[in-house]
Amino acid sequence: MADDPHNTSTSDVSELVPDNTEPSAANVKEDAETTAARRELKQTTISDKAKRDSAQLSQEDDKSASEEDDNKSDAGEPEKKKPRTSRGLTPEVQLAAPKQEVPKETVASPKKRTHDELEQDGKEEEEKKEGEKPSSQNRAERDEPEKKRPRDRQASLSVERDGQKEVEPLSAQESRPSSAEKPKIEEKKDESKDTKVDKPQTSSSAFANSSMAKFASSTTSPFGAFGAAAAGKTNLFGLPATSSNIFGSKSADASAAPAGPPKLSFGSASAASPFASLNGQAGGMSSLFKSPFASAFSGGSSALKTAGATGFGKPGEPLKTGKSAKPFGAPESDEEDEGEGEEGEENKSENGEGEEKEEEEKEEKASGEEKKKFKLQKVHIDDGEGNETTLLSVRAKMYVMEKGVGWKERGAGMLKVNVPKQAVEVEEGNQPDADSFDPAALDDAARKLVRLIMRQDSTLRVILNTPILPAMKFQVNHKLKAATVLFTAFEGGEARQVQMKMSQANATQFSNMVEKIKEKLAAA
């Protein structure tokens with residue numbers, strides 16, 4: 001078991017631990033803690049040695065396996081898996097400095113470019129554009145306002161003139177062409193001179209020989225020559241030559257005869273123009289465009305005037321009305337007053353008829369509305385209390401004892417103590433006097449009218465109607481907020497227990513009133 005790394009036999013321990021390290025028990029007595037520490041030290045040393053041996057064995061196995069693979073590859077034999085006799089441990093990883101790998105130089109694709117190359121190309125293009133852009137002298141020609149330059153750029157050249165140094169501004173230095181650019185500018189000037197074309201020059205003799213000089217030498221307007229040449233001829237529209245207006249205004253010479261009627265240019269020569277009849281009948285009017293309706297406004301002779309037609313705008317004719325003319329401010333005549341009176345009466349009669357119709361319509365509407373409304377009449381209802389007088393009325397809530405259920409609420413209303421009218425005297429203000437009650441004058445039937453009656457609110461349904469007898473007992477129970485009155489009531493010949501809940505003041509007042517009536521009934 002030499003190959004077993006975990007073998008902890010005594011022979012191995014004796015080899016690893018020297019003889020002098022373990023003292024004898026006879027010389028030194030060890031305590032329990034020292035013994036445990038010593039044994040732990042032995043175990044750690046044994047395990048460290050086993051680890052070193054296993055690492056050496058695994059390295060030797062790897063070397064032998066690599067040598068066998070090389071031999072087999074040289075001989076051309078197929079590799080066979082060899083079963084491992086022992087399990088090797090994984091060797092420890094040795095960390096070493098990484099090798100610097102040199103990247104291979106590869107040709108990048110023109111489509112795939114790095115971000116730095118794109119930025120570099122963009123900067124180069126911007127520099128080219130800035131170099132090509134001419135420096136503008138005027139501030140208005142620049143795209144952006146001129147920024148302040150640092151002081152070191154404001155240095156200017158000094159020029160000696162007359163023994164003194166003058167500072168030349170930087171703008172003049174920039175605008176001044178360099179020595180290399182001067183020959184180019186001179187060449188461009190020579191080329192521009194050669195390309196110039198001689199322009200024709202004018203002279204006074206050439207203008208005098210032209211046809212326009214005649215108009216310039218004459219004192220009259222150039223268009224006056226045409227008027228002078230046409231003197232003595234008839235006008236284009238057939239008017240006499242003496243008329244200056246081509247539209248046939250009245251001639252200054254009244255003795256000039258009007259022109260004859262124009263002839264048609266086609267057809268027979270003797271046929272006159274159909275438009276000549278309008279112009280030929282107008283005496284003294286030579287306008288070709290004279291309207292036949294103008295005579296009605298101007299009073300001149302025209303074709304319509306000869307036919308007897310008159311215009312509505314004839315001057316001198318007064319306006320015609322139904323009434324006779326009278327001077328301004330004159331009093332009105334009696335006839336006019338009578339006419340106006342008749343008209344006023346007619347208007348009044350019409351207005352009166354309209355008012356009567358309106359009144360009739362209103363009455364009809366009112367009658368219809370009255371028919372629609374319900375006519376409510378006061379109806380007398382006999383509640384059976386007409387011959388009785390109420391001595392006391394208090395508000396209470398009634399409870400009735402039901403078999404198998406207990407107290408059951410029947411309703412709430414006014415609890416009244418009624419007696420016949422003939423048994424009570426009435427004081428001033430129709431208020432009965434309870435002390436004046438005398439049951440001696442009552443018969444047996446009237447005595448039954450001394451009773452307790454109660455009606456439910458809103459519906460007025462009778463929920464209690466019992467006579468008061470001398471033998472009845474009324475028991476009052478006072479509580480914190482209210483009081484109850486317990487008694488026996490008679491309904492349909494049956495006796496039922498009734499409980500009335502009311503305020504303490506009302507309970508006291510009710511019990512006092514009932515006790516007085518019981519006493520008087522018992523005495524009678």
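The first residue you see is number 1, and the count goes up from there.
Placement of Cβ uses the backbone N, Cα and C atoms for every residue, glycine included.
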Could you check which of 283-304, 393-414, 481-502, 503-524 is flagged in Swiss-Prot as coiled coil?
503-524
Over the span of the motif 'Nuclear localization signal' (37-44), count residues by DSSP class, listing helix, strand and coil in order.
8 helix, 0 strand, 0 coil
Can you tell me how the residues of the compositional bias 'Acidic residues' (352-362) break down into helix, strand and coil by DSSP?
11 helix, 0 strand, 0 coil
